[in-house]
């Protein structure tokens, strides 16, 4: 077990992100912020067989007399539903859980979002420790306290802000992550450079091969840097009233694509990659940035094995209809995160739908 680095997240409810290899088996690390004697591990059918027993063993070493229950959902975005939310709540009720129970979210973004929403809701809020096992969850959804489930009208429309008690990132779990999911996570890593730091984009271009090969030092650096970018924004804007919206660069397009396509299509990071390219192209069309920056972003995403164009079966009109439901919109219409060039993202209100339709093709 090796703790590579920590990232401190400030704000009204500060917490720490531990990053290292083998941390799921580190009793002191996983239990450091566990205040009670009861725990519920929420995981999925892919992750639980690999890591649930390791986590339980570590928790029992830390607190031998503890009461641990496990709730396992089917892997995949289709499980991020109100029905599964209710099922996990029922597990807590059967467990007789009081406010001292801690929810341990062991899995990718779906598990983290669902378990976090449960923790936000049970008895108006209980502790949650995020234990992300996918790269995308490590650098994005486990940090910042946004929790939600999907409904037929769209992704993440029902949820709450609920900051984790701690985040423990075991980079060794990436060894069992499918290549497609690794690539999807790299889309979110690229996003931080695209919106905040051209220097990080240059580092990613130089270290792309090392990241794809899961080089320990490169992966640890990419995760820590991504977490620091997000932590800084979350600390200043915990409830997305201002600059935190910048983290949604590409996501309005992505959520529209995912919702319109339905389950079984693109995974989230793939849709985000396409969404970022569309946002960059739209920025160029509106005269905010150059085509050169959009091309550079597209080239890096393609190098990471990510798609950069909309699936042929999706129509521009259908996607725009979905985009009108985005949470950032206001009375002026579409309110999108665009950029003035690499590393300079901003929110643009009243984006003309005809310009959006043009880049959607």
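Every residue, even glycine, has its Cβ placed from backbone N, Cα and C.
What TrEMBL says about this one:
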- 109, 110, 111, 112, 113, 133, 134, 146, 155, 173, 174, 175, 176: NAD(+) binding site (BINDING)
- 188, 251, 268: Zn(2+) binding site (BINDING)
- 72-183: domain '3-dehydroquinate synthase N-terminal' (DOMAIN)
- 185-329: domain '3-dehydroquinate synthase C-terminal' (DOMAIN)
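Excluding 188, 251, 268, which define the Zn(2+) site, the same chain contributes 136, 140, 187, 191, 250, 254, 269, 271, 272, 275 within 8 Å (Cβ to the Cβ centroid), listed in sequence order. Of all the binding-site residues listed (111, 174), 174 has the fewest other CB atoms within 10 A of its CB. Note on proximity: among 188, 251, 268, the binding-site residues of the record, the Cα nearest residue 113 (NAD(+) binding site) is that of 268. Look at residue 268 (Zn(2+) binding site): DSSP puts it in a helix. In terms of DSSP helix, strand and coil, the domain '3-dehydroquinate synthase N-terminal' (72-183) has 51 helix, 33 strand, 28 coil. A count of other CB atoms within 10 A of each Cβ picks out 134 as the most crowded of the binding-site residues 134, 176. Minimal Cβ crowding within 10 Å, among the binding-site residues 155, 251, 268, is found at 155.
Helix, strand and coil content of the domain '3-dehydroquinate synthase C-terminal' (185-329), in residues and according to DSSP, is 104 helix, 0 strand, 41 coil.
Cβ neighbours within 10 Å of residue 188 (Zn(2+) binding site), excluding its own Cβ and spanning all shown chains: 26. Comparing CA positions across the binding-site residues 109, 111, 134, the one lying closest to residue 268 (Zn(2+) binding site) turns out to be 109.
On the backbone, the CA of residue 176 (NAD(+) binding site) and the CA of residue 251 (Zn(2+) binding site) stand 27 Å apart.
Neighbour density for residue 109 (NAD(+) binding site): within 10 A of its CB lie 24 other CB atoms from the protein chains shown.
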